[in-house]
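What Swiss-Prot says about this one:
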type    : residues       : note
ZN_FING : 4-59           : zinc finger
BINDING : 9, 12, 32, 35  : Zn(2+) 1 binding site
BINDING : 23, 26, 45, 49 : Zn(2+) 2 binding site
DOMAIN  : 65-118         : domain 'SANT'
REGION  : 303-333        : region 'Disordered'
């Protein structure tokens with residue numbers, strides 16, 4: 001009894017269940033590939049009629065000489081499986097092809113037909129050129145990956161390390177900043193059937209985790225660069241033994257405040273070196289201006305500058321004494337006294353001649369001058385004895401008056417030049 005599930009060629013009665021060509025103009029005309037290629041005609045069917053290829057998926061690609069009887073459908077599943085699971089994962093590939101194929105059969109068929117067969121010989125060249133270039137440096141060289149720069153050691157005892165939870169050899173803490181950051185990616189997995197939205201979501205999680213790691217490392221670097229760990233444990237006493245730093249000028253303080261947003265891109269040492277170099281630059285500029293002044297006055301040797309400065313101070317002293325003598329001579333000649341505005345005020349008789357000139361030029365009453373003088377000398381003596389004091393000058397004394405009085409007291413020898 002004929003099998004109704006099979007199809008036969010109407011011309012040669014060959015079995016065409018796996019592959020046949022059906023005429024689109026004639027009814028029930030199906031030919032095998034041999035009869036179709038020979039141009040067979042039967043009944044009203046002609047060779048130029050349109051046709052349709054009917055594939056049952058059960059014909060073989062490699063012909064009758066192929067072992068195992070692999071159908072075209074199985075070949076397609078095999079190629080899909082090796083693309084999905086990768087070469088060598090024969091168990092998953094066999095499960096994808098079907099239960100009728102074992103992992104050994106899948107491996108042997110793929111190696112025989114696709115690698116060692118004609119298809120493999122045509123696609124895979126006999127000699128594959130080496131496209132990998134070794135760029136690693138020689139061992140022990142200046143850029144060798146085996147060389148590592150050790151981190152500066154921290155002066156911490158075992159008890160301090162346990163208290164802080166710090167591991168110096170690893171430069172890690174038992175409790176890191178943002179300790180729960182790893183929970184973002186701990187449950188992530190890459191699946192073959194993920195759509196684009198799921199892939200982008202997982203990439204966003206990874207990007208968030210990387211940013212958290214960078215912030216964690218930034219905070220650790222700040223703690224090390226600025227020596228915050230010993231300061232936290234009270235181990236910064238050695239810093240007090242270091243020589244005192246130079247006095248920072250007002251202009252440098254303002255510049256430090258302006259550049260504060262840039263501190264995060266530099267280490268503490270780099271910042272201090274930068275400002276130290278700027279201070280040296282200002283000192284060099286001042287020295288250059290001084291040397292240019294000497295050159296304009298005809299001085300070309302360093303040892304001559306001391307004599308020039310001494311002579312200049314003598315000239316200024318003689319000029320000041322001459323002005324005082326002229327003022328006294330004018331008063332003796334009956335001219336209007338320059339002290340007429342203050343000579344009748346209280347405390348005038350307590351002032352020296354130079355102090356009278358100063359008060360007259362500053363339009364300052366003798367009592368106010370004596371008050372300011374007393375406060376300044378008192379603060380100076382307390383500072384020399386190591387007693388902390390805060391100067392409380394009167395409100396009527398502005399910066400110009402204060403500077404003039406300080407300079408006068410310094411030149412007169414009441415206070416040292418450092419105090420002014």
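Just so you know, glycine gets a Cβ as well, placed from its N, Cα and C.
Feature annotations (Swiss-Prot) mapped to structure.
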residue	record	contacts (Cβ under 8 Å, 6+ apart)
9	Zn(2+) 1 binding site	16, 20, 30, 31, 32, 35
12	Zn(2+) 1 binding site	32, 34, 35, 40
23	Zn(2+) 2 binding site	29, 30, 31, 45, 49, 50, 51, 52
26	Zn(2+) 2 binding site	43, 44, 45, 49
Number of Cβ atoms other than its own within 10 Å, given for residue 45 (Zn(2+) 2 binding site): 16
Non-site residues, in chain order, whose CB comes within 8 A of the mean position of the CB atoms of 23, 26, 45, 49 at Zn(2+) 2: 24, 25, 29, 44, 46, 50, 51
Additional residues around Zn(2+) 1, ordered along the sequence, whose Cβ is within 8 Å of the centroid of 9, 12, 32, 35: 10, 11, 13, 14, 16, 31, 33, 34, 36, 40
Helix, strand or coil at residue 23 (Zn(2+) 2 binding site) [DSSP, three-state]: strand
Mean of pLDDT values spanning the domain 'SANT' (65-118): 87
